[in-house]
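Asks: Pasting a structure here, questions to come.
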Amino acid sequence: MSYTPGHHAGSRSSSGNRSGILKKTSWVDQSERSHQTYNRGRKPQPKFTVSTQPQGNPIPHYSWFSGITQFQKGRDFKFPDGQGVPIAYGIPPSEAKGYWYKHNRRSFKTADGQQKQLLPRWYFYYLGTGPYASSSYGDAHEGIFWVASHQADTSIPSDVSARDPTIQEAIPTRFSPGTILPQGYYVEGSGRSASNSRPGSRSQSRGPNNRSLSRSNSNFRHSDSIVKPDMADEIASLVLAKLGKDSKPQQVTKQNAKEIRHKILMKPRQKRTPNKFCNVQQCFGKRGPLQNFGNSEMLKLGTNDPQFPILAELAPTPGAFFFGSKLELFKRDSDADSPSKDTFELRYSGSIRFDSTLPGFETIMKVLKENLDAYVNSNQNTVSGSLSPKPQRKRGVKQSPESFDSLNLSADTQHISNDFTPEDHSLLATLDDPYVEDSVA
(Lines of atoms letter the chains of each structure in order from A and count residues from 1; the text may use other names and numbers.)
(Lines give C-alpha, C1' and ligand atoms only; values in the text may rest on other atoms or scores of the structure.)
Protein backbone atom coordinates (compact mmCIF):
# COMPACT_ATOMS: atom_id res chain seq x y z
CA MET A 1 0.00 0.00 0.00
CA SER A 2 1.45 3.31 -1.04
CA TYR A 3 1.70 6.25 1.30
CA THR A 4 -0.02 9.53 0.45
CA PRO A 5 1.45 12.78 1.82
CA GLY A 6 -1.18 14.77 3.69
CA HIS A 7 -3.84 12.26 2.62
CA HIS A 8 -6.48 14.29 4.47
CA ALA A 9 -6.27 16.79 1.57
CA GLY A 10 -7.81 14.20 -0.73
CA SER A 11 -11.25 14.91 0.72
CA ARG A 12 -11.13 18.26 -1.01
CA SER A 13 -11.41 16.71 -4.44
CA SER A 14 -13.81 19.42 -5.61
CA SER A 15 -11.37 22.19 -4.90
CA GLY A 16 -10.28 22.31 -8.53
CA ASN A 17 -7.48 24.81 -8.98
CA ARG A 18 -7.83 26.49 -5.59
CA SER A 19 -4.24 25.76 -4.70
CA GLY A 20 -3.09 28.36 -7.23
CA ILE A 21 0.63 28.80 -7.36
CA LEU A 22 1.30 25.69 -5.27
CA LYS A 23 0.13 23.60 -8.23
CA LYS A 24 2.29 24.32 -11.23
CA THR A 25 -0.65 25.17 -13.50
CA SER A 26 -0.45 28.17 -15.78
CA TRP A 27 -2.86 30.93 -14.84
CA VAL A 28 -2.18 32.51 -18.21
CA ASP A 29 -3.63 29.41 -19.88
CA GLN A 30 -6.69 29.62 -17.65
CA SER A 31 -7.31 33.24 -18.60
CA GLU A 32 -6.94 32.40 -22.28
CA ARG A 33 -9.52 29.63 -21.97
CA SER A 34 -11.90 32.01 -20.26
CA HIS A 35 -11.50 34.52 -23.13
CA GLN A 36 -12.32 31.80 -25.64
CA THR A 37 -15.53 31.11 -23.72
CA TYR A 38 -16.75 34.67 -23.27
CA ASN A 39 -15.19 36.78 -26.01
CA ARG A 40 -18.06 36.04 -28.50
CA GLY A 41 -15.65 35.33 -31.32
CA ARG A 42 -13.47 38.36 -30.78
CA LYS A 43 -9.74 38.06 -31.09
CA PRO A 44 -8.06 37.89 -27.66
CA GLN A 45 -6.25 41.08 -26.73
CA PRO A 46 -2.45 40.85 -26.39
CA LYS A 47 -1.02 40.72 -22.89
CA PHE A 48 1.39 43.62 -22.86
CA THR A 49 3.31 42.54 -19.76
CA VAL A 50 4.01 38.97 -20.83
CA SER A 51 7.37 38.23 -22.40
CA THR A 52 7.57 36.53 -25.76
CA GLN A 53 10.54 34.51 -24.54
CA PRO A 54 10.18 30.72 -24.10
CA GLN A 55 8.47 29.73 -20.88
CA GLY A 56 11.41 27.69 -19.58
CA ASN A 57 11.64 23.93 -19.27
CA PRO A 58 8.23 22.39 -18.53
CA ILE A 59 7.51 20.41 -15.37
CA PRO A 60 6.16 17.05 -16.58
CA HIS A 61 5.21 15.88 -13.09
CA TYR A 62 3.50 17.47 -10.11
CA SER A 63 5.41 17.76 -6.87
CA TRP A 64 3.68 17.17 -3.55
CA PHE A 65 5.21 20.35 -2.12
CA SER A 66 5.59 24.03 -2.85
CA GLY A 67 8.89 25.10 -4.36
CA ILE A 68 12.02 26.76 -3.02
CA THR A 69 12.91 29.86 -5.03
CA GLN A 70 16.34 31.41 -5.45
CA PHE A 71 16.53 35.16 -4.85
CA GLN A 72 20.31 35.73 -4.75
CA LYS A 73 22.54 34.93 -7.70
CA GLY A 74 25.60 32.77 -7.25
CA ARG A 75 24.16 30.72 -4.37
CA ASP A 76 24.39 26.92 -4.41
CA PHE A 77 21.35 24.82 -3.59
CA LYS A 78 22.36 22.29 -0.94
CA PHE A 79 21.33 20.74 2.37
CA PRO A 80 23.50 19.12 5.05
CA ASP A 81 23.60 15.33 5.18
CA GLY A 82 20.38 13.90 6.60
CA GLN A 83 18.37 17.09 5.98
CA GLY A 84 16.31 18.57 3.16
CA VAL A 85 13.31 16.22 2.94
CA PRO A 86 10.02 18.09 3.50
CA ILE A 87 7.87 16.75 6.31
CA ALA A 88 4.33 15.61 5.48
CA TYR A 89 1.56 14.02 7.48
CA GLY A 90 1.30 10.30 6.75
CA ILE A 91 4.88 9.76 5.50
CA PRO A 92 7.16 7.75 7.84
CA PRO A 93 10.88 8.57 8.16
CA SER A 94 11.73 5.39 6.23
CA GLU A 95 10.18 6.94 3.10
CA ALA A 96 11.83 10.37 3.53
CA LYS A 97 14.13 10.17 0.52
CA GLY A 98 14.19 11.80 -2.88
CA TYR A 99 15.64 14.70 -4.83
CA TRP A 100 15.18 18.39 -5.53
CA TYR A 101 14.62 19.23 -9.21
CA LYS A 102 15.76 22.57 -10.66
CA HIS A 103 13.11 24.32 -12.76
CA ASN A 104 14.50 27.07 -15.02
CA ARG A 105 11.79 29.70 -15.18
CA ARG A 106 10.91 32.09 -17.98
CA SER A 107 11.98 35.68 -18.49
CA PHE A 108 9.66 38.66 -18.56
CA LYS A 109 9.67 42.22 -19.83
CA THR A 110 9.99 45.02 -17.28
CA ALA A 111 8.23 48.37 -17.45
CA ASP A 112 11.20 49.96 -19.23
CA GLY A 113 11.21 47.26 -21.93
CA GLN A 114 14.17 45.21 -20.67
CA GLN A 115 14.14 41.44 -20.42
CA LYS A 116 14.73 39.99 -16.97
CA GLN A 117 15.43 36.32 -16.36
CA LEU A 118 13.78 34.89 -13.27
CA LEU A 119 16.00 32.86 -10.99
CA PRO A 120 15.26 29.11 -10.85
CA ARG A 121 12.89 27.33 -8.49
CA TRP A 122 13.40 23.86 -7.02
CA TYR A 123 10.75 21.17 -6.46
CA PHE A 124 10.97 18.00 -4.39
CA TYR A 125 10.12 14.51 -5.67
CA TYR A 126 10.25 11.26 -3.73
CA LEU A 127 12.73 8.62 -4.85
CA GLY A 128 11.24 6.69 -7.77
CA THR A 129 8.82 9.47 -8.79
CA GLY A 130 8.95 12.65 -10.85
CA PRO A 131 11.05 13.44 -13.94
CA TYR A 132 13.93 11.23 -12.73
CA ALA A 133 11.85 8.31 -11.50
CA SER A 134 14.16 5.77 -13.15
CA SER A 135 17.34 7.13 -11.54
CA SER A 136 18.99 5.57 -8.52
CA TYR A 137 19.78 7.60 -5.45
CA GLY A 138 22.99 9.58 -5.93
CA ASP A 139 23.11 9.43 -9.74
CA ALA A 140 24.85 12.47 -11.19
CA HIS A 141 22.40 14.73 -13.05
CA GLU A 142 22.63 18.45 -13.67
CA GLY A 143 20.00 20.33 -11.69
CA ILE A 144 19.39 17.47 -9.23
CA PHE A 145 20.21 17.44 -5.52
CA TRP A 146 19.63 14.20 -3.59
CA VAL A 147 18.36 14.26 0.01
CA ALA A 148 17.36 11.58 2.51
CA SER A 149 16.85 11.12 6.22
CA HIS A 150 19.17 8.87 8.20
CA GLN A 151 16.36 6.32 8.72
CA ALA A 152 15.63 5.91 5.00
CA ASP A 153 16.94 3.07 2.84
CA THR A 154 18.07 4.76 -0.38
CA SER A 155 18.70 1.48 -2.22
CA ILE A 156 14.99 1.05 -3.01
CA PRO A 157 12.41 3.54 -4.32
CA SER A 158 10.03 5.19 -1.90
CA ASP A 159 6.52 3.79 -1.57
CA VAL A 160 4.74 7.11 -2.16
CA SER A 161 1.93 7.56 -4.65
CA ALA A 162 2.02 10.19 -7.38
CA ARG A 163 0.01 13.38 -6.93
CA ASP A 164 -3.16 13.95 -8.91
CA PRO A 165 -3.44 17.76 -9.21
CA THR A 166 -7.18 17.61 -9.93
CA ILE A 167 -8.04 16.25 -6.49
CA GLN A 168 -4.92 16.75 -4.36
CA GLU A 169 -3.52 20.14 -3.42
CA ALA A 170 0.18 20.83 -3.01
CA ILE A 171 1.48 20.96 0.56
CA PRO A 172 3.39 24.01 1.85
CA THR A 173 7.01 22.98 2.26
CA ARG A 174 8.09 22.59 5.89
CA PHE A 175 11.22 21.04 7.37
CA SER A 176 12.05 19.40 10.67
CA PRO A 177 13.48 21.66 13.43
CA GLY A 178 17.16 22.40 13.03
CA THR A 179 17.19 22.16 9.24
CA ILE A 180 19.62 24.62 7.67
CA LEU A 181 18.08 26.11 4.54
CA PRO A 182 20.25 27.02 1.54
CA GLN A 183 21.41 30.62 1.73
CA GLY A 184 19.90 32.87 -0.91
CA TYR A 185 16.66 30.85 -1.19
CA TYR A 186 13.17 31.13 0.30
CA VAL A 187 10.31 28.66 0.63
CA GLU A 188 7.26 29.50 -1.45
CA GLY A 189 4.11 30.06 0.60
CA SER A 190 0.44 29.66 -0.24
CA GLY A 191 -0.69 33.27 0.19
CA ARG A 192 -1.65 33.82 -3.47
CA SER A 193 -4.75 32.03 -4.71
CA ALA A 194 -5.87 31.42 -8.28
CA SER A 195 -9.55 31.68 -7.36
CA ASN A 196 -9.47 35.46 -7.69
CA SER A 197 -8.03 35.23 -11.19
CA ARG A 198 -10.71 32.97 -12.67
CA PRO A 199 -13.44 35.18 -14.16
CA GLY A 200 -15.07 32.17 -15.81
CA SER A 201 -15.89 30.17 -12.68
CA ARG A 202 -19.23 28.37 -12.43
CA SER A 203 -20.50 30.66 -9.68
CA GLN A 204 -20.12 33.62 -12.04
CA SER A 205 -21.57 31.87 -15.07
CA ARG A 206 -24.85 31.10 -13.33
CA GLY A 207 -27.76 33.50 -12.86
CA PRO A 208 -29.41 36.10 -15.08
CA ASN A 209 -26.54 38.60 -14.97
CA ASN A 210 -24.82 37.41 -18.12
CA ARG A 211 -24.68 40.92 -19.56
CA SER A 212 -22.80 42.30 -16.59
CA LEU A 213 -20.53 39.26 -16.80
CA SER A 214 -19.83 40.04 -20.45
CA ARG A 215 -19.00 43.65 -19.62
CA SER A 216 -16.70 42.58 -16.79
CA ASN A 217 -14.95 40.16 -19.12
CA SER A 218 -14.52 42.93 -21.67
CA ASN A 219 -12.86 45.11 -19.05
CA PHE A 220 -10.80 42.15 -17.98
CA ARG A 221 -9.43 41.66 -21.50
CA HIS A 222 -8.15 45.22 -21.66
CA SER A 223 -6.49 45.03 -18.27
CA ASP A 224 -2.84 44.11 -18.09
CA SER A 225 -3.10 43.22 -14.40
CA ILE A 226 -3.81 39.55 -15.01
CA VAL A 227 -2.45 37.49 -12.14
CA LYS A 228 0.27 35.18 -13.35
CA PRO A 229 2.77 33.06 -11.45
CA ASP A 230 6.20 34.46 -10.68
CA MET A 231 5.05 38.10 -10.96
CA ALA A 232 6.66 39.37 -7.76
CA ASP A 233 9.65 40.91 -9.54
CA GLU A 234 7.49 42.33 -12.33
CA ILE A 235 5.07 43.96 -9.87
CA ALA A 236 7.97 45.42 -7.92
CA SER A 237 9.47 46.95 -11.05
CA LEU A 238 6.11 48.46 -12.04
CA VAL A 239 5.64 50.00 -8.60
CA LEU A 240 9.15 51.43 -8.59
CA ALA A 241 8.67 52.86 -12.08
CA LYS A 242 5.40 54.50 -11.00
CA LEU A 243 7.12 56.03 -7.99
CA GLY A 244 9.93 57.33 -10.20
CA LYS A 245 12.55 55.14 -8.59
CA ASP A 246 15.15 52.97 -10.24
CA SER A 247 15.07 49.31 -9.21
CA LYS A 248 18.84 49.05 -9.66
CA PRO A 249 20.87 49.52 -6.47
CA GLN A 250 22.36 52.99 -6.17
CA GLN A 251 25.95 53.57 -5.15
CA VAL A 252 26.16 55.13 -1.71
CA THR A 253 28.68 57.97 -1.45
CA LYS A 254 30.38 59.19 1.70
CA GLN A 255 28.01 62.14 1.82
CA ASN A 256 24.97 59.86 1.57
CA ALA A 257 26.35 57.58 4.28
CA LYS A 258 26.92 60.61 6.51
CA GLU A 259 23.33 61.75 5.99
CA ILE A 260 22.00 58.28 6.77
CA ARG A 261 24.07 58.12 9.95
CA HIS A 262 22.89 61.57 11.03
CA LYS A 263 19.26 60.62 10.40
CA ILE A 264 19.61 57.50 12.55
CA LEU A 265 21.35 59.29 15.41
CA MET A 266 18.67 61.99 15.49
CA LYS A 267 16.13 59.35 16.55
CA PRO A 268 15.58 58.40 20.22
CA ARG A 269 17.98 55.73 21.40
CA GLN A 270 15.32 53.00 21.55
CA LYS A 271 14.26 53.73 17.95
CA ARG A 272 17.68 53.45 16.32
CA THR A 273 18.52 50.65 13.94
CA PRO A 274 22.27 50.08 13.54
CA ASN A 275 23.52 49.12 10.10
CA LYS A 276 26.68 49.30 8.02
CA PHE A 277 26.35 53.09 7.74
CA CYS A 278 25.79 53.68 11.47
CA ASN A 279 27.30 50.84 13.47
CA VAL A 280 26.31 49.50 16.88
CA GLN A 281 28.86 51.54 18.84
CA GLN A 282 27.71 54.77 17.20
CA CYS A 283 24.08 53.98 18.06
CA PHE A 284 24.43 52.49 21.54
CA GLY A 285 28.00 52.95 22.72
CA LYS A 286 30.82 50.54 23.55
CA ARG A 287 30.23 46.99 24.70
CA GLY A 288 30.36 46.23 28.40
CA PRO A 289 28.56 44.41 31.23
CA LEU A 290 25.28 46.24 30.53
CA GLN A 291 25.53 45.96 26.72
CA ASN A 292 27.25 42.65 26.20
CA PHE A 293 26.04 41.41 22.81
CA GLY A 294 27.86 41.50 19.47
CA ASN A 295 31.17 40.34 18.05
CA SER A 296 33.39 42.52 15.91
CA GLU A 297 31.62 41.64 12.65
CA MET A 298 28.09 42.15 13.96
CA LEU A 299 29.07 45.40 15.70
CA LYS A 300 30.31 46.68 12.35
CA LEU A 301 27.30 45.63 10.23
CA GLY A 302 24.48 45.83 12.77
CA THR A 303 21.19 44.61 11.32
CA ASN A 304 22.90 44.15 7.92
CA ASP A 305 24.79 41.17 9.34
CA PRO A 306 23.61 37.97 7.58
CA GLN A 307 23.12 36.29 10.97
CA PHE A 308 20.85 39.00 12.38
CA PRO A 309 17.51 37.91 10.76
CA ILE A 310 17.50 34.59 12.61
CA LEU A 311 18.13 36.46 15.88
CA ALA A 312 15.25 38.80 15.12
CA GLU A 313 12.93 35.80 15.39
CA LEU A 314 13.65 35.84 19.14
CA ALA A 315 12.89 39.53 19.59
CA PRO A 316 9.73 40.17 21.67
CA THR A 317 6.72 41.93 20.25
CA PRO A 318 5.66 45.31 21.71
CA GLY A 319 2.92 43.49 23.61
CA ALA A 320 5.38 40.97 25.05
CA PHE A 321 7.75 43.79 25.98
CA PHE A 322 5.18 45.73 28.02
CA PHE A 323 3.13 42.86 29.44
CA GLY A 324 5.83 40.20 29.81
CA SER A 325 8.58 42.27 31.43
CA LYS A 326 9.22 43.97 34.75
CA LEU A 327 9.13 47.73 34.17
CA GLU A 328 10.43 50.46 36.48
CA LEU A 329 10.30 54.22 35.96
CA PHE A 330 13.20 56.39 37.14
CA LYS A 331 13.90 60.09 36.89
CA ARG A 332 17.42 61.02 35.86
CA ASP A 333 19.35 64.12 36.71
CA SER A 334 18.95 66.85 34.12
CA ASP A 335 21.74 67.22 31.60
CA ALA A 336 24.02 70.23 31.84
CA ASP A 337 23.10 71.24 28.29
CA SER A 338 19.35 71.31 29.02
CA PRO A 339 18.77 71.77 32.78
CA SER A 340 15.10 72.64 32.30
CA LYS A 341 14.27 69.33 30.59
CA ASP A 342 13.08 66.41 32.75
CA THR A 343 14.54 63.06 31.71
CA PHE A 344 13.07 59.69 32.63
CA GLU A 345 14.20 56.09 32.15
CA LEU A 346 11.87 53.12 31.73
CA ARG A 347 14.01 50.19 32.84
CA TYR A 348 12.94 46.69 31.95
CA SER A 349 13.96 43.13 32.71
CA GLY A 350 12.55 39.92 31.28
CA SER A 351 13.43 36.74 29.45
CA ILE A 352 12.90 35.02 26.11
CA ARG A 353 12.18 31.31 26.37
CA PHE A 354 12.72 28.81 23.54
CA ASP A 355 13.54 25.13 23.17
CA SER A 356 15.18 22.76 20.72
CA THR A 357 12.01 22.43 18.60
CA LEU A 358 12.41 26.00 17.38
CA PRO A 359 13.26 26.03 13.63
CA GLY A 360 16.94 26.83 13.20
CA PHE A 361 17.67 26.05 16.86
CA GLU A 362 21.26 24.92 16.27
CA THR A 363 22.06 27.99 14.18
CA ILE A 364 20.52 30.29 16.79
CA MET A 365 22.59 28.70 19.58
CA LYS A 366 25.75 29.03 17.49
CA VAL A 367 25.13 32.73 16.81
CA LEU A 368 24.27 33.43 20.46
CA LYS A 369 27.46 31.77 21.72
CA GLU A 370 29.56 33.74 19.24
CA ASN A 371 28.08 37.11 20.26
CA LEU A 372 27.30 36.91 23.99
CA ASP A 373 30.10 38.60 26.00
CA ALA A 374 32.24 38.71 22.86
CA TYR A 375 33.68 42.02 24.07
CA VAL A 376 35.53 40.18 26.88
CA ASN A 377 37.65 38.17 24.46
CA SER A 378 38.14 41.26 22.31
CA ASN A 379 39.46 43.25 25.29
CA GLN A 380 41.80 40.43 26.30
CA ASN A 381 43.26 40.28 22.81
CA THR A 382 43.73 44.05 22.84
CA VAL A 383 45.53 43.99 26.21
CA SER A 384 47.79 41.10 25.24
CA GLY A 385 48.70 42.87 22.02
CA SER A 386 49.59 46.10 23.83
CA LEU A 387 51.99 44.53 26.38
CA SER A 388 54.85 44.26 23.89
CA PRO A 389 54.54 47.15 21.43
CA LYS A 390 56.66 46.94 18.33
CA PRO A 391 59.28 49.73 18.27
CA GLN A 392 58.64 52.35 15.62
CA ARG A 393 61.41 53.03 13.15
CA LYS A 394 61.83 56.06 10.97
CA ARG A 395 61.77 55.63 7.22
CA GLY A 396 65.23 55.60 5.72
CA VAL A 397 67.02 55.42 9.09
CA LYS A 398 68.70 52.19 10.09
CA GLN A 399 68.65 51.63 13.82
CA SER A 400 71.50 49.95 15.61
CA PRO A 401 71.00 47.02 18.00
CA GLU A 402 71.84 49.35 20.90
CA SER A 403 68.84 51.55 20.07
CA PHE A 404 66.49 48.55 20.17
CA ASP A 405 67.90 47.54 23.55
CA SER A 406 67.31 51.02 24.89
CA LEU A 407 63.73 50.99 23.62
CA ASN A 408 63.01 47.65 25.23
CA LEU A 409 64.66 48.77 28.45
CA SER A 410 62.60 51.94 28.60
CA ALA A 411 59.41 49.94 28.02
CA ASP A 412 60.28 47.55 30.85
CA THR A 413 61.17 50.43 33.12
CA GLN A 414 57.86 52.07 32.34
CA HIS A 415 55.93 48.98 33.47
CA ILE A 416 57.79 48.58 36.78
CA SER A 417 58.24 52.24 37.72
CA ASN A 418 54.90 52.28 39.49
CA ASP A 419 56.24 49.79 42.06
CA PHE A 420 59.09 52.07 43.29
CA THR A 421 59.02 53.56 46.81
CA PRO A 422 60.05 57.19 47.52
CA GLU A 423 63.42 55.90 48.75
CA ASP A 424 63.94 54.10 45.45
CA HIS A 425 63.20 57.28 43.51
CA SER A 426 65.72 59.27 45.56
CA LEU A 427 68.34 56.60 45.00
CA LEU A 428 67.67 56.64 41.24
CA ALA A 429 67.98 60.43 41.21
CA THR A 430 71.38 60.11 42.84
CA LEU A 431 72.47 57.54 40.30
CA ASP A 432 71.33 59.79 37.45
CA ASP A 433 73.61 62.68 38.60
CA PRO A 434 76.72 63.09 36.44
CA TYR A 435 79.88 61.57 37.85
CA VAL A 436 82.33 64.13 39.26
CA GLU A 437 85.82 63.15 40.42
CA ASP A 438 86.79 64.02 43.95
CA SER A 439 89.14 66.98 44.11
CA VAL A 440 92.56 66.42 45.62
CA ALA A 441 93.19 68.61 48.62
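Glycine residues also receive a Cβ, built from the backbone N, Cα and C atoms like all the rest.
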Asks: Looking at Swiss-Prot, ARG121, ARG163 are annotated for RNA. Which of ARG75, ARG105, ARG106 sits in that same site?
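Replies: It is ARG105, as the record lists it for that site.
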Asks: Sort the residues of the region 'RNA-binding' (53-193) into helix, strand and coil with DSSP and give the three counts.
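Replies: DSSP composition of the region 'RNA-binding' (53-193): 6 helix, 33 strand, 102 coil.
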Asks: Give me the non-local Cβ neighbours of THR173 (phosphothreonine): same chain, 6+ apart in sequence, Cβ-Cβ under 8 Å, ordered along the sequence.
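Replies: Counting only residues 6 or more apart in sequence, the Cβ neighbours of THR173 (phosphothreonine) under 8 Å are PHE65, SER66, GLY67, ILE68, PRO86, PHE124, VAL187, GLU188.
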Asks: Give the sequence-ordered list of residues that share a chain with SER158 (phosphoserine), lie 6 or more positions from it, and have CB atoms under 8 Å from its CB.
Replies: GLU95, LYS97, GLY98, TYR126, LEU127, GLY128, THR129, ALA152
Asks: For the domain 'CoV N CTD' (257-379), what are the DSSP-based totals of helix, strand and coil residues?
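Replies: Helix/strand/coil tally for the domain 'CoV N CTD' (257-379): 54 helix, 18 strand, 51 coil.
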